[in-house]
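The following features are taken from TrEMBL:
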DOMAIN    183-322  domain 'O-antigen ligase-related'
TRANSMEM  12-42  transmembrane segment
TRANSMEM  62-80  transmembrane segment
TRANSMEM  114-133  transmembrane segment
TRANSMEM  145-167  transmembrane segment
TRANSMEM  174-192  transmembrane segment
TRANSMEM  198-215  transmembrane segment
TRANSMEM  222-245  transmembrane segment
TRANSMEM  315-335  transmembrane segment
TRANSMEM  347-365  transmembrane segment
TRANSMEM  371-390  transmembrane segment
Amino acid sequence: MRECAEKYKLYIQVLPVLLLTVGCGINQGWFFILSFLSHILVCRLYDYPILGNMWTSSLYRKSWLFMMVFIGTMIFSYFFNQGDISEIGHYVERMAPFLLFGIIAKDDINIPKIVWIGLIVSVIYICFDTFMHPHYIEGRLMGTFSWPLGLASVLITMLPFLLFGIIMYGKENFSFCCISFIVFVAGCHIIAMTGTRSAVIVMAVVFFGMLILIIKAQYWKLLKFVIPILLIVGFGVTCFSSNVLETRMHNQLQNDGRVYLMQVSEQIFKEHPVFGIGTKKWGEVYHTRFELPGREKNIQSPHNIFLQSANENGLIGLSGFLLLLIFQWHTMLKYGVISMVDTLRRLNWIGGMLLCFSAIIVYGFFDYAFFGRYVMNLFWFYWGLTVFIIQRG
């Protein structure tokens, strides 16, 4: 048994991280259990500490502090607005990937690469599932999701990581990068087919951010690789998805529903500025007071995560949310600059994480998927990976 464990050590060691990544990528909680069980097995075989080493990091502990401030402000507001306390419990539950990542992460394996492989597997699964069940609503692709927005939000959260992995490992694993590139292009095509304008805008932001990182690192050879990717993706979207996007853009110009939702949010905030109307009550208030013929129907959010936070939990809850985001961005920018100086301006994975978080936050200005289980699990998983990368140096 011991000889077999040593022989396949490189494969066994990566199982916990790989399972956790796929679990977040395809939204299957039982993968989290498998990840933890495999972690216990790895610890028994190779004498790793069960609780891992990340808890000794000051950044890891600070992260928990700001996470508790985020939750604490919502709980404080709850006593005044009587929102849905179970939804706040769900927000805590969705922090599980961060906790689990802190336990299973090990310094002697290339975790960013394992995460990259796991997300490739996840996107392949989503693409295959979507192609096998190509359900549409109003001409927009939604696959097995309940709405096109859900499908687009999940892909927009994972594709930036795939793109950065292609850049990082292009020379090292050319054949695998070719597979990743095909998956990336397929994912972009699906996003365009969902007709989600905001997702297309975010992908443009991701490409622009990628170009800035490459220029900042003075890695001119990569431009020869990134520009063809941009051209191929743009050509594919234009050829296969132009009708969907054109229709959506035309609808947007004719009747911009988000403008009305912003007006509703402004009115709600004026009436309940400090504590808000209560967690998960936005849809109920909108349906009762603001839903009009010809306007947006069955809406549960103002399609903006910051407006939603301000409306449901007031300035108290919004301040906790903003403090968390400011802490995260300050940390990534601070260590990202230090890392680029230390590595002679070469690209590093902190830059990749900046791309991923940029995609999530920019998308949050247009849609509300951030507070859903799928995207929030990936958000906290990414933050666990970011803390690990910074801690390892």
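Every residue gets a Cβ built from N, Cα and C, even glycine.
No curator has checked TrEMBL annotations; they are predicted automatically.
Over the domain 'O-antigen ligase-related' (183-322), the average per-residue pLDDT in this prediction is 78.
Pairs of Cβ atoms less than 8 Å apart link the transmembrane segment (371-390) most often to 12-42, out of 12-42, 62-80, 114-133, 174-192. Annotation: stretch 62-80 has the most Cβ pairs under 8 Å to the transmembrane segment (315-335), among 12-42, 62-80, 114-133, 174-192. Long-range neighbours of the transmembrane segment (62-80) within the same chain, counting only residues 6 or more positions beyond its ends whose Cβ lies under 8 Å from a Cβ of the stretch, are 88, 91-92, 95, 98, 274-276, 278-279, 313-314, 316-317, 319-321, 323-324, 327-328, 383, 387.
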